[in-house]
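Asker: Take a look at this one; I'll ask things after.
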Protein chains: 10
Amino acid sequence: MTRSELTQLILAAKIRKELSWESIARALGASKEWVAAACLGQMTMTSEQARTLRGLLDLPEEAELLLQAVPYKGSLPTAIPTDPLLYRFYEILSIYGLAIKELIHEEFGDGIMSAIDFRMRIDREPDPQGDRVKIEMSGKFLPYKMY
Amino acid sequence: MTRSELTQLILAAKIRKELSWESIARALGASKEWVAAACLGQMTMTSEQARTLRGLLDLPEEAELLLQAVPYKGSLPTAIPTDPLLYRFYEILSIYGLAIKELIHEEFGDGIMSAIDFRMRIDREPDPQGDRVKIEMSGKFLPYKMY
Amino acid sequence: MTRSELTQLILAAKIRKELSWESIARALGASKEWVAAACLGQMTMTSEQARTLRGLLDLPEEAELLLQAVPYKGSLPTAIPTDPLLYRFYEILSIYGLAIKELIHEEFGDGIMSAIDFRMRIDREPDPQGDRVKIEMSGKFLPYKMY
Amino acid sequence: MTRSELTQLILAAKIRKELSWESIARALGASKEWVAAACLGQMTMTSEQARTLRGLLDLPEEAELLLQAVPYKGSLPTAIPTDPLLYRFYEILSIYGLAIKELIHEEFGDGIMSAIDFRMRIDREPDPQGDRVKIEMSGKFLPYKMY
Amino acid sequence: MTRSELTQLILAAKIRKELSWESIARALGASKEWVAAACLGQMTMTSEQARTLRGLLDLPEEAELLLQAVPYKGSLPTAIPTDPLLYRFYEILSIYGLAIKELIHEEFGDGIMSAIDFRMRIDREPDPQGDRVKIEMSGKFLPYKMY
Amino acid sequence: MTRSELTQLILAAKIRKELSWESIARALGASKEWVAAACLGQMTMTSEQARTLRGLLDLPEEAELLLQAVPYKGSLPTAIPTDPLLYRFYEILSIYGLAIKELIHEEFGDGIMSAIDFRMRIDREPDPQGDRVKIEMSGKFLPYKMY
Amino acid sequence: MTRSELTQLILAAKIRKELSWESIARALGASKEWVAAACLGQMTMTSEQARTLRGLLDLPEEAELLLQAVPYKGSLPTAIPTDPLLYRFYEILSIYGLAIKELIHEEFGDGIMSAIDFRMRIDREPDPQGDRVKIEMSGKFLPYKMY
Amino acid sequence: MTRSELTQLILAAKIRKELSWESIARALGASKEWVAAACLGQMTMTSEQARTLRGLLDLPEEAELLLQAVPYKGSLPTAIPTDPLLYRFYEILSIYGLAIKELIHEEFGDGIMSAIDFRMRIDREPDPQGDRVKIEMSGKFLPYKMY
Amino acid sequence: MTRSELTQLILAAKIRKELSWESIARALGASKEWVAAACLGQMTMTSEQARTLRGLLDLPEEAELLLQAVPYKGSLPTAIPTDPLLYRFYEILSIYGLAIKELIHEEFGDGIMSAIDFRMRIDREPDPQGDRVKIEMSGKFLPYKMY
Amino acid sequence: MTRSELTQLILAAKIRKELSWESIARALGASKEWVAAACLGQMTMTSEQARTLRGLLDLPEEAELLLQAVPYKGSLPTAIPTDPLLYRFYEILSIYGLAIKELIHEEFGDGIMSAIDFRMRIDREPDPQGDRVKIEMSGKFLPYKMY
């Protein structure tokens, strides 16, 4: 069983059992954002989380070890995503990318926002003109240093 | 003068005059995020903003009209950005993309977060273990409808 | 069963049962354009539509849940389509793209035609010199806003 | 002067003289859709149209001949357009492509919609929930024939 | 069974039964060029041709319907073909492309040679210095029209 | 002056002097197909042809030597041509490629049609239903040999 | 069985039976270079060679016909090979390509070295500072001809 | 002056002065293969060679230093060369690549033919059926070693 | 069984048996860096190593021969790796590449660092501000030579 | 002046003044690795370093400000480098990439080696069988954390 076959199993079981990411996240004791990414093969679970998930979704035995192995990360089937929801994030990067770069450097100097020491929250933002998706990203600033 | 030549002029003048995006944004009466994107050729200015920017940066006369023309958008020189700061955002999309998709659909059903009816804020988040970059995105949820 | 395996099942059953998209659309209570897209894995069905389609095409049980899950969208096997019928639409975008952009901006200002709040009709247009394909697209104009 | 340099000249003159595509189209005696495409280097003008356009926009002498030469067509700088307005049309092709193919074949049999014997109209469609962009395409159906 | 699996079946049966394209074409009542393309999944057969081919090659039952369905066209595994025989045609397009474009426009004005209302013949041209491959293509000229 | 700058000069002079490829070909004593390709930087002229062309088009002195140098061949700006006239030839290769391969091998065995020992003619084929473009290609068959 | 499945079978049998390409070549009566290429799906065998190879490697019956069919050629999984031994040949083309072109044109005029009427030898060249790989290529010069 | 501008200067001067690579190579005291590659920006000259070449071709003063700087190597404008002479070498790699790999490993074990400790000769091979291009490559075998 | 199927078997067995690369390396008598690469299909084992590994991981019989065959090397699924750990190495090459080139040429002249006569060590470097990954690469310098 | 034009100026001046990276690094008070990267447009200088470099290389006035601006990073002209010295590093990533990933995860768990909190040294390693290039990389380990 490869990791992407396991991802297929997880998604199928989640649909069949009509579970939400929220409820899986509660069972695993972590945020819904981290748990969804982990189930989709991007993060590494603890042995306890792996055992819990296996029970919750009736996964085969070898899934438990595989969920604890560090996966080869990257979840998009094409370099530029075709799915409209995902493409909009690529578009934001394309339209605002250089502006983001300018503003972070203006505030922090040369360096980057970490994508490893990083967390994210996705919420509904009620709005009379139509509710909005609100995404908060927080990543440690890592400065380039002279040596 | 093409729009990208104007962008070069703006960036050179900003460095020469030692202006910050914050101060340019105040002069133009909009957020620093929108103003930086507009100066970099991704948004369309009002005639008043174009006149103000021209004065602020000593731009040539034709810049004023060009800043009011709708630009061909997209600011990255390659499909996958080579700049480390920008690449991290591409990586977040690659690692968290499917998780974001799952969670937005779980909360809202089928549809997308708009990248047009959209706003963004970039802030410093003080942290004793090293300050963090905080990015808030807010986009209207647009549902797919049956017809 | 992945969503694209389900698409293969649907297409095979439709051929075997000699059903038209028109008749499937009538059974599902939506337009032929939306229904064909949904069957091909691009739209999300209601539970009633999924049950109806399953009955109509003798699909396996798990198809019913899968048709209600939001799919990963994008239906072309290559970035530039090789199929001549589809390529012509890519060519129209390539030849008329900038003209469309100029004319929409002239009429509406900076913004886009939504591909989400969108509908489409495909009809036969009788013509003595050879009938024509007529395609009407209608998408909400979404303006960029300053913030 | 290459054709794309001429396109830059035309766009700059149009902005400077504050002309609309509508008014240029009236002067040239053709639709705004065809005229915008022709000015952007995708169609071939008659000698009279070329002379009229040259006068209207104060173009240099050699422009007149160049406007009558058949151009190398294709107006997008990248295979997948980065501009959000244009990308939406690419997305429509990606999401609805196979559905369009199925429906045209169902109605007409094997063949294509011509992109040469083709015309297009772009209009504003008033709507209380926000005006819409309406695009009508009409292309002759060309059947594949056995031989 | 997908259409490309059927193509594999056809090619295997043709080798096993030691049939030539000439003889299959005679049985189907069309040119060898059209028949080879149809067998390889690029053209749509009549019900009679499909039945004949099925008998000739002992194909399974579902092949008969599949041969009458309009296929997703395009038969090359890579955008630039690696096979030397096929590459030479790509090379001819690369070397002579602009010359062909110039000469067709000189003779016919702006427009294209149709690839749909199109036929082709491949023949042996005896030559004392080594026989030659002779290919005749004939496609209707389709003019661009102003509107 | 690079070879592609010379090509631009030749095309501009041809338009300005309102010469046809036919007449240039007569002056150079070769077919219009070869001459157009040579002018566009794909073939090598004799010193006499280079001198004649220079006189005919008032080219600068260094053009004469450059026309006799073997060029770096390949005239398409992108791997898949965007120009509709040229794309149709790419499409013919995509749709009929494997059929052409099958038929040449059936007639000649393993080998290729030469694109070097090659000639081509482009003619108008009158037809009551609309004139047709006729293209004849003739290339020496080159067999693979065992060694 | 596809041709590439047959290639896998051949390679597996060769390893299992501990045969060298030299010995297979002797059995088939051709050079090791041609035989290795033929076994790897790039050349077409005679019926006698196919029968011999089938016996030698215990291949299934249908392999015999498949080895006599002209294959779709091209053996690299990516356009730029990742394997270091193969990449070095790509690198030689990249570094020496234009020099090779200049020198062949200087000696022969405009034309190419045939890759069809071609043979190759690979030998060990003993050298006190470390033995060397010696590759001799010989291809017929094919001149471009005016017409 | 960049290195590729210098290459243009060298090629133009060579044509204008009607020098052969053979004669330039004699003047510089190295093989024609190495000298052509060095002139085309792929090898590094000694100070004496640079001075000689500058005199021979009347190059500007800064050329002398530039010819002694190690260049950024790689001389092909596209990953897959469009020029037919060069493409044939790419085709040889594509067709014979895996066979070459098998045969070198059979003779030498795991390792590569060096493209650095490498030399090449290009010669005319007279042949009654048409002269042939003969290319000899010799590269040191470099074995992979366990550690 | 292909080599990449064997790689999957090895990885699965290593997880199931909870073995470390360190312990496998000790059993095979080579460094952990070389052994991990060899297990992942990039290096060639001796017959003794292959037998040992087969025993250690309960691999099927044919694995033993396959581990001794020279593999087709290159282990990344995409040209630019999506996995963050691997991407950082690509980024180092992108950011520091030209600097590395300049410094090696300054010290050694024109030539390369061998990737064949090469060894590597990966170690933990304790650091109070967070431990560091230390990578040492050592490759023989191979000079380009004139000939 | 763009940053890449400044890079050209710096390289030309360095050659003309016959300065080494070592000596420039000493003048700027940082390592040769960091200084070469900074001069090549990948790092940001302090105002003092910028003034020193300007004096050392007689750069124009605006260079001083530009050297202090954070550059758009990434120094390779193509995604896969063509230069042999640089390609070897890409090859090391391709061959050893997965092994490096396995070994870092074995030692540190899930996370990456930072390419920002990173330093590098390039040295000559004397060796009787030919001196070696020694590269030491040290990057902080950044662990993924659950949240």
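Every residue, even glycine, has its Cβ placed from backbone N, Cα and C.
Just lifted these from TrEMBL, have a look:
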- E:75-147: domain 'Cyanate lyase C-terminal' (DOMAIN)
- E:R88: active site (ACT_SITE)
- E:E91: active site (ACT_SITE)
- E:S114: active site (ACT_SITE)
Asker: From the active-site residues E:R88, E:E91, E:S114, keep only those with a C-beta under 8 angstroms from any C-beta in chain D, and list them in sequence order.
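Answerer: So the ones by chain D are E:S114.
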Asker: Look up E:S114 (active site) in the DSSP assignment and reduce it to helix, strand or coil.
Answerer: strand
Asker: Please report the number of other Cβ atoms within 10 Å of the Cβ of E:S114 (active site).
Answerer: 21
Asker: Rounded to an integer, what is the Cα-Cα distance in Å between E:E91 (active site) and E:S114 (active site)?
Answerer: 20
Asker: Enter the number of other CB atoms within 10 angstroms of the CB of E:E91 (active site).
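Answerer: E:E91 (active site) is surrounded by 22 other Cβ atoms within 10 Å.
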Asker: What kind of secondary structure is E:R88 (active site) part of, going by DSSP in three states?
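Answerer: DSSP call for E:R88 (active site): helix.
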Asker: Determine, to the nearest whole angstrom, how far the Cα atom of E:R88 (active site) is from the Cα atom of E:S114 (active site).
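Answerer: E:S114 (active site) has its Cα 21 Å from the Cα of E:R88 (active site).
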Asker: Along the domain 'Cyanate lyase C-terminal' (E:75-147), what average pLDDT does this model show?
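Answerer: Mean model confidence (pLDDT) across the domain 'Cyanate lyase C-terminal' (E:75-147) is 97.
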Asker: So how many other Cβ atoms are close to E:R88 (active site), meaning within 10 Å of its Cβ?
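Answerer: Other Cβ atoms within 10 Å of E:R88 (active site): 23.
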